Every structure is written in structure tokens, then in C-alpha cells.
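Going by TrEMBL, these are the annotated features:
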ACT_SITE  192  active site, proton donor
ACT_SITE  324  active site
DISULFID  389-421  disulfide bond
ACT_SITE  435  active site, proton donor
ACT_SITE  457  active site
BINDING   541  Ca(2+) binding site
């Protein structure tokens with residue numbers, strides 16, 4: 001796509017808020033957006049040393065100012081009839097001050113490159129795999145990795161929306177409305193379906209206000225609910241959508257996985273908040289409340305849980321595969337509920353887990369890379385998954401809501417760990433990270449499993465650290481990683497992973513989370529902090545932003561009783 005002038009994204013946002021549903025629901029935000037666009041326009045007009053092309057843009061911008069000013073006057077009439085009106089002009093001015101910035105042209109240029117990457121990935125999927133879960137770019141066909149639920153479409157909805165790819169978003173919306181069906185005799189992962197499909201639909205609803213997404217989210221949630229019908233409340237991890245039959249993978253010996261069972265709360269809580277039906281929240285939250293009763297002082301749990309008894313049945317203790325997002329959701333569920341007393345137990349559990357995390361921190365020799373070890377019983381293993389590279393971002397997010405002493409400690413550890421994660425990338429010939437790394441005395445880090453399947457965790461952490469510190473180093477690291485993806489994984493028919501990061505040998509899969517997470521976090525890394533503000537949104541573990549909604553215990557209990565009595 002051709003380059004657009006730097007006011008385009010603001011104009012797109014303003015235009016979205018000019019649609020009828022926003023007149024009714026968001027008049028305050030509409031006025032704010034229009035004021036921001038006017039302010040940004042005059043800011044650009046006042047800049048010195050403009051090129052000839054930019055001078056031409058100024059004339060268009062002046063016309064845009066006039067149109068937006070007239071629009072504000074027109075919308076005031078709509079706002080008079082709305083129950084929601086602007087009470088305090090200072091609030092509007094503060095919003096405008098926060099969101100409009102003299103944008104770094106390098107960030108704008110890089111964001112456009114990342115948007116082009118998203119468009120290439122999406123167009124390739126649309127051309128060769130439409131309706132399938134994922135694209136196999138080299139063979140140019142689709143594959144149903146998650147039961148045939150159009151995972152890439154649903155996973156990409158919010159990325160398309162945030163990037164302003166409106167035509168693509170509308171085609172995806174049409175497919176969801178007309179073709180997405182859960183009436184299938186297939187067995188699915190409850191966890192993957194929750195975070196990708198349900199999370200993607202809820203995020204699309206929160207961003208667009210289109211109820212078709214909420215209705216579909218409720219449909220799939222109702223299909224998944226039988227997984228929680230266990231004596232302990234800990235869900236089975238696999239379920240047949242047609243019949244509701246449940247089981248756990250054979251390799252888990254009947255056990256449920258910690259990360260799977262403990263990383264479905266954000267989505268089910270969000271659905272209850274938006275539908276006013278408490279059953280979804282109650283099912284998912286029962287898991288955490290049960291674990292809270294006997295939560296250890298170090299906050300660390302093994303990866304296997306018995307769904308019949310609720311007991312811990314062993315396995316490793318890890319912040320990598322099968323443990324990771326349990327700890328992430330303890331913090332994020334607290335943030336999702338707006339940090340009230342009703343969700344204080346989540347924060348309490350998370351802080352205990354951070355004590356346990358400290359006990360697993362080690363340093364390599366000779367370069368003193370900080371890494372997170374793993375435990376199995378009393379044995380310690382000097383191995384760290386790239387998946388565990390979400391931890392620096394989690395620590396940065398936690399530091400933003402901690403007291404001075406704790407905040408500094410969390411942030412310092414986050415900065416040390418993200419340096420290690422960045423070097424997972426820099427230490428290979430392709431500058432892309434392997435799946436895991438080993439730390440042996442005198443050898444620093446050495447790649448273990450050599451594939452790269454387009455994972456987002458390091459980029460996610462760079463995004464959070466950039467947001468909370470403003471240190472442009474994290475942007476530079478992210479850009480280097482993006483260029484490595486471009487140089488090694490972009491082909492004519494999409495993006496692929498690597499079978500081996502030491503040789504660059506390619507695989508034949510474009511992961512749905514490459515569009516949902518990897519490219520979205522890269523795009524946000526070069527966007528103003530007002531774009532998906534962390535004061536208003538919380539990301540699920542698939543990078544789907546969900547609106548923060550205040551939870552108050554007494555109101556929840558009263559509402560639940562009202563539902564049950566009706």
C-alpha cells in the first residue's frame with residue numbers, strides 16, 4: 001500500500017466514531033477524538049522546514065480541520081439528546097494532551113512497514129486458506145489446526161481493527177456472521193479455543209461495539225462450559241463441541257494442565273460482565289478460588305492438577321510451557337477488575353508467585369545473563385523457554401501498580417531478563433530465537449530446540465518495557481527482530497517459521513498468533529501509548545485487548561442473586 005500522511009490514522013479513528021453506533025454510545029469519546037484530530041492537524045501545520053509534498057498536505061489538513069470543526073458542531077446536537085455528555089472541559093483537554101504528540105517520523109515509518117507485513121500475511125491467508133484455521137504458505141493451502149473454527153480470521157480481527165485495515169476487517173466480520181459455526185462433531189482444546197476464538201471475538205466486540213461478536217463469543221462459551229463440570233471445578237482440557245464429552249491428553253495421565261486451567265479467567269469474566277450472566281465468571285473463577293485456599297507461600301505450582309480431587313499431582317515448576325500464563329493471569333485478572341477488593345486475592349497470589357520467581361533466578365557465566373531456571377522436585381534445570389520471555393513484560397506491568405520499593409525491584413529484574421531474551425535472538429545466525437536455551441557453566445547460553453515458530457513473547461515484553469520506561473532501546477531491539485522475520489521468514493505467499501534458526505531452513509506454517517500477537521505487539525511498540533492504553537485495556541495471553549471493567553463484590557453477589565431468583 002502507498003504511504004499515507006501522518007494524520008491518516010487519526011482521521012480513520014475519528015471517522016469510526018462518526019458512525020451511528022458511536023453517536024449513541026460514545027458521544028464524549030467522539031468529541032475527544034475530533035478535538036485530538038484538530039490539535040494534531042495544527043501541530044503539523046506549525047512545523048518548520050516542510051518539504052513541497054508536505055506543503056501540499058497542509059492544504060488538505062486545513063480542509064480537514066474545517067470539516068472536523070463543523071462535525072463537532074453537528075455532533076453537539078446529538079450529544080444534547082444523549083444521557084452521556086461532557087461534564088468537564090478539562091477532562092477533554094487532558095485527553096487531547098495525552099493522545100496527540102509530535103510523532104517521531106521513524107516510528108511512523110516503521111509502523112507502516114509492520115502494517116504492510118500484516119497486510120501481506122492476511123492477503124496470503126485470504127488467497128490460499130480462507131476459512132481454514134491456518135495457512136501453509138509453501139504448499140499454498142489451509143489446515144484446520146484447531147477444529148476448523150477459522151482461527152486466523154478470529155485471531156486477526158482486533159489487529160485489523162487497530163491497524164485501520166477496514167476492508168479486511170469487514171470481510172472478516174462478514175465471515176464470522178455468516179460462516180462461523182460451533183455445531184461441529186470435533187474435539188478441541190478448551191484453552192486454545194478460549195484464548196484465540198473467544199478472546200478474539202470479545203476483543204472485536206469491545207473495539208467495534210458490533211454485537212455479532214458478543215453473540216458468537218457467548219455461543220462458543222456455552223459449548224465449552226461442560227469442561228468445568230468436575231468435582232473440583234478444575235476443567236478438563238479437551239472437549240467435543242457437539243456432545244460436550246471431556247477428557248485430558250493421554251500423555252498427561254488424566255491430569256489437567258496448570259496453564260490451560262488457570263488461563264481462561266479473563267475471557268469468561270469478560271463475557272459475564274458484558275452479558276450480565278454470572279455463570280461464566282463463576283465457572284472459571286472457581287478454579288482460582290480453589291487454588292487460593294491452599295496456595296503455597298512461594299506461589300509456585302507444578303504443571304499437573306487432578307480435575308477430580310483438585311490436588312497437585314506433580315510435574316515441573318516452570319514459567320515456560322504449561323506453566324506460563326497461569327502466573328500472567330493472576331496479575332491481569334486483578335487489573336481487569338480495576339484492582340478492587342473483589343479481585344484482591346488475584347494480586348495476593350501473584351505477589352507470592354513473584355517471591356517464588358526470585359528463587360528460580362540464576363545468572364550465566366561468564367556474561368551474567370539473568371535467566372529463569374526450572375524445577376522438578378528438588379532438582380534444578382538450567383533451561384529457559386522462549387515462552388518464558390513473557391515474564392519481563394509481566395514484571396513491568398506489575399511494577400506499574402506496586403509501591404516504590406517493589407516497583408523498582410520488579411522493573412530491574414524485567415530489564416535484566418529482557419536483555420537475555422533479546423540475546424536469544426542475537427545469538428543465532430538468523431537473529432531469530434530458538435524454542436529454548438540451556439545455560440552451562442562457562443558457556444552462557446546455547447540453543448536447545450532449534451525451531452522458531454514466530455513466537456511473540458520477547459516482543460510482548462519489549463512493548464511493555466517501552467510503554468513503562470519510554471526507553472527507545474526497546475524499540476530498536478524490536479525493530480531488529482522484525483527485520484530478522486522479514487529477512488528469514490517472509491515469502492511470496494505469506495510468512496513461515498524456521499525449522500532451524502542456525503541454518504535458516506524454513507517450515508510450512510503461518511501461525512495464527514503471528515497475526516494476533518507478534519505483528520500486533522510490534523505495531524503497538526511504535527504507536528503512541530494512547531493506542532490501546534494500558535489504563536483502559538488488558539491483553540489476554542493471545543494479545544486480545546479487553547476493556548477494564550470495575551468489579552465490586554457486593555454488586556456481583558446481588559446481581560447473581562437477582563439472576564437466580566428470576
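Cβ coordinates are placed from backbone N, Cα and C, and glycine is handled just like the others.
Annotated features taken from TrEMBL, shown on the structure.
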residue: 192; record: active site, proton donor; Cβ neighbours (10 Å): 20
residue: 324; record: active site; Cβ neighbours (10 Å): 25
residue: 389; record: disulfide bond; Cβ neighbours (10 Å): 29
residue: 421; record: disulfide bond; Cβ neighbours (10 Å): 28
residue: 435; record: active site, proton donor; Cβ neighbours (10 Å): 19
residue: 457; record: active site; Cβ neighbours (10 Å): 25
residue: 541; record: Ca(2+) binding site; Cβ neighbours (10 Å): 26
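The active-site residues recorded for this entry are 192, 324, 435, 457, and the Cα of 457 lies nearest to that of residue 389 (disulfide bond).
Taking the C-alpha positions, the distance from the residue listed as 'Ca(2+) binding site' to residue 324 (active site) comes to 10 Å.
Checking each of the active-site residues 192, 324, 457 against residue 435 (active site, proton donor) by C-alpha distance, the shortest gap belongs to 457. In space, 457 is the closest of the recorded positions 192, 421, 457 to residue 324 (active site), judged by Cα positions. Between the CA atoms of residue 192 (active site, proton donor) and residue 457 (active site) there is a gap of 17 Å, rounded to the nearest whole number.
Distance from the CA of residue 457 (active site) to the CA of residue 421 (disulfide bond) is 9 Å.
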